[in-house]
Amino acid sequence: MTILTHTLGFPRVGLRRELKKAQESYWAGNSTREALLAVGRELRARHWEQQKQAGIDLLPVGDFAWYDHVLTTSLLLGNVPARHQNNDGSVDIDTLFRIGRGRAPTGEPAAAAEMTKWFNTNYHYIVPEFSKGQQFRLTWTQLLEEVDEALALGHKIKPVLLGPVTYLWLGKVKGEPFDRLTLLKDILPVYQHVLAELAKRGVEWVQIDEPALVLELPQAWLDAFKPAYDALAGQVKLLLTTYFEGVTPNLDTIIALPVQGLHVDLIHGKDDVAELHQRLPVDWLLSAGLINGRNVWRADLTEKYAQINAIVGKRALWVASSCSLLHSPIDLSVETRLDTEVKSWFAFALQKCGELALLRDALNSGETAALEEWSAPIQARRHSRRVHNAAVEKRLAAITAQASQRENPYEVRAEAQRARFKLPAWPTTTIGSFPQTTEIRGLRLDFKKGNLDANNYRTGIAEHIKQAIIEQERLGLDVLVHGEAERNDMVEYFGEHLDGFVFTQNGWVQSYGSRCVKPPVVIGDISRPAPITVEWAKYAQSLTDKPVKGMLTGPVTILCWSFPREDVTRETIAKQIALALRDEVADLEAAGIGIIQIDEPALREGLPLRRSDWDAYLEWGVEAFRINAAVAKDETQIHTHMCYCEFNDIMDSIAALDADVITIETSRSDMELLESFEAFDYPNEIGPGVYDIHSPNVPSVEWIEALLKKAAQRIPAQRLWVNPDCGLKTRGWPETRAALANMVKAAHNLRQAK
């Protein structure tokens, strides 16, 4: 039985972010739909060929998406919200973009669909909307067209489909409440149709993704898998695909299904290979996810070989990435600035394909010399001086309970803060960043390339900060921000100023739609060699009598949005970051900054996928935030910001952060997230986001007032702040001014209505 290689998916955006540039050009009206489609075809062809050349035997098809693969599945099933539909009922790429971002070059703008985190990753998906009595039909044939493309190029392929049960699990009911699982019988005929079309094309295997099978699902959802897969069986071979956790707790459900193979994530799960082999039906193929699809570290292939070799020859076996390589940068070979030693520790998507090929060849032949050679650098790293800092380890060991306690409880602090700031009712603010204009990006790029000296760079940044303050004062905002002109990314910026991180030139990964991020890599112990944000915050505060917030990214978010070390726990990394940023809080306070925002949008996304594992994570995650913040005096107001969150099940931990003010994303969910705070009787102040910054649509004054009145039905008005959902970095100035002007006007109207 020859072992084969495959990946669960490949990055979509292109090495130079070609897809992002094509999308944004099309959205801006600067290029045609045909030009956009051509870029997609070119990228798919390139990526298939690159994977093939790197040693992948079965290429994934259907992993490409114009915005998000869950949204692609919604269109496949004809699940288009009424507000986004074309007048003639047709579905096209602009339909997709209207759902994802609220507008497109054609059609009427409408509120974008909700967006949330894809399991516990930093990728976002567009949440499917379901209504009672909804009908489904095959309306979007992108998958079939891409299969035809790949077959025409002569590739051996494995189409990828998001499975029906997980698709329903990921969605939300809109309108009259009902059990969305009852729609399963209605979507299965579309899946049957698609599988029949794939069978007609000679497809042998289909990867059908059911990552919900790693969760602690309600019994009714577990019971739904058997009838669903009974309906789908028989047309092609199905590789039931799971990732991000192990499957052992749900293995009884899985082995009863009429599928021909199972993919398991052997990186993030705790499944035992021998037990899986023993319990799976003898004729099933096992796809072993041995190469980490979510990190950038070179694998110790000698360990991987030892992990799987015992079952070689005993059942059909493939070796694969743990999950889609969507979460990894594309190609390490173009990184020319990385230190040679550090570069030898890494592997990006194409190198991970090569790792799979090396592992396949060794498992098929029994020859391991190539694995030992490949693994030598990562083994040598364990003893590198770049990794360990005795002073950091000593400080971490000395943390006491007192380090995470503010001097007094919120009620006492709030009095001191009211006396200091004297803010009006319904105080207005923004979340931190202002539009990153072409001029700002060009300034940073010229400085980075050495085309601009430090003095001229600083003069330019100072001018943009000054303009941001002027804009906010004109708008009448109450608490200002400096606008973050000097920051490329909220995590990358801090990583650049902390020891223990390294950065790539082209290590882009998709976050959502056209948004890409370049996560820093944690390679060693973390410390702060010098103040990071103090100079610009102090300068901004000197320009105005209104309070200017100091802006920090919190320790858990920096951890979650970086590629972490694999040789220490996530708790250790988070607390090292917290100690470094604790010093930053103290320095900001000493510089006269009275309001300091510590963003933790990733706190919830970092949750383990199984609830039984949550408590331990939340305990150290909350402690890390408090270590970061607790150095502040009573009169210093600590804000935190969170987005894409369901808060119901972690309200105890949100309250335990003990932030004086929390700002949250609520506009896309029509303030329903505030139910959690109301039910919990959350004691501190809250700023529910009143408009969606991910959409270019400008909210009306009436819309914002209505949302705020809805918020005031749940939270006492004296504890409410008024702010957008998130930072304004990706928006343009005209829409930013218009939206903020309406927001300020709505707040003024509510003050006068008292």
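Positions of Cβ are set from backbone N, Cα and C atoms, glycine also.
Pulled from Swiss-Prot, these are the features on record:
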BINDING   Arg17, Glu18, Leu19, Lys20, Lys117, Arg515, Cys516, Trp561, Glu605  5-methyltetrahydropteroyltri-L-glutamate binding site
BINDING   Ile431, Gly432, Ser433, Glu484, Asp599  L-methionine binding site
BINDING   Ile431, Gly432, Ser433, Glu484, Asp599  L-homocysteine binding site
BINDING   His641, Cys643, Glu665, Cys726  Zn(2+) binding site
ACT_SITE  His694  active site, proton donor
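Excluding Ile431, Gly432, Ser433, Glu484, Asp599, which define the L-homocysteine site, the same chain contributes Thr430, Val481, Met490, Met551, Gln597, His641, Cys726, Gly727, Lys729 within 8 Å (Cβ to the Cβ centroid), listed in sequence order. Applying an 8 A CB threshold to same-chain residues 6+ apart, the list for Leu19 (5-methyltetrahydropteroyltri-L-glutamate binding site) reads Arg12, Val13, Val39, Gly40, Leu43, Ser514.
For His694 (active site, proton donor) paired with Cys726 (Zn(2+) binding site), the C-alpha to C-alpha distance reads 8 Å. Rounded to the nearest whole angstrom, the C-alpha distance between Asp599 (L-methionine binding site) and Cys643 (Zn(2+) binding site) is 10.
Between Gly432 (L-methionine binding site) and Glu665 (Zn(2+) binding site), the C-alpha separation comes to 14 Å. Within 10 Å of the C-beta of Cys643 (Zn(2+) binding site) we count 26 further C-beta atoms, all protein chains included. Recorded residues Lys117 (5-methyltetrahydropteroyltri-L-glutamate binding site) and Cys643 (Zn(2+) binding site) have their alpha carbons 10 Å apart, per Cα-Cα distance.
Between Cys643 (Zn(2+) binding site) and Glu605 (5-methyltetrahydropteroyltri-L-glutamate binding site), the C-alpha separation comes to 10 Å. Around the Cβ of Ile431 (L-methionine binding site), 25 further Cβ atoms fall within 10 Å across all displayed protein chains.
Counting neighbouring Cβ atoms within 10 Å of each of the recorded positions (Arg17, Lys117, His641, His694), the lowest count belongs to Arg17. Secondary structure from DSSP puts Leu19 (5-methyltetrahydropteroyltri-L-glutamate binding site) in a helix. Within 10 Å of Cys726 (Zn(2+) binding site), counting CA to CA, the binding-site residues Arg17, Ile431, Ser433, Cys516, Glu605 contribute Ile431, Ser433. Our reading of the L-methionine binding annotation (Ile431, Gly432, Ser433, Glu484, Asp599) yields a largest Cα to Cα distance of 14 angstrom. Distance between Cα atoms for Glu484 (L-methionine binding site) and Glu605 (5-methyltetrahydropteroyltri-L-glutamate binding site): 24 Å, as a whole number. When the C-alpha distances from Glu665 (Zn(2+) binding site) to the binding-site residues Arg17, Cys516, Glu605 are tabulated, the minimum falls on Glu605.
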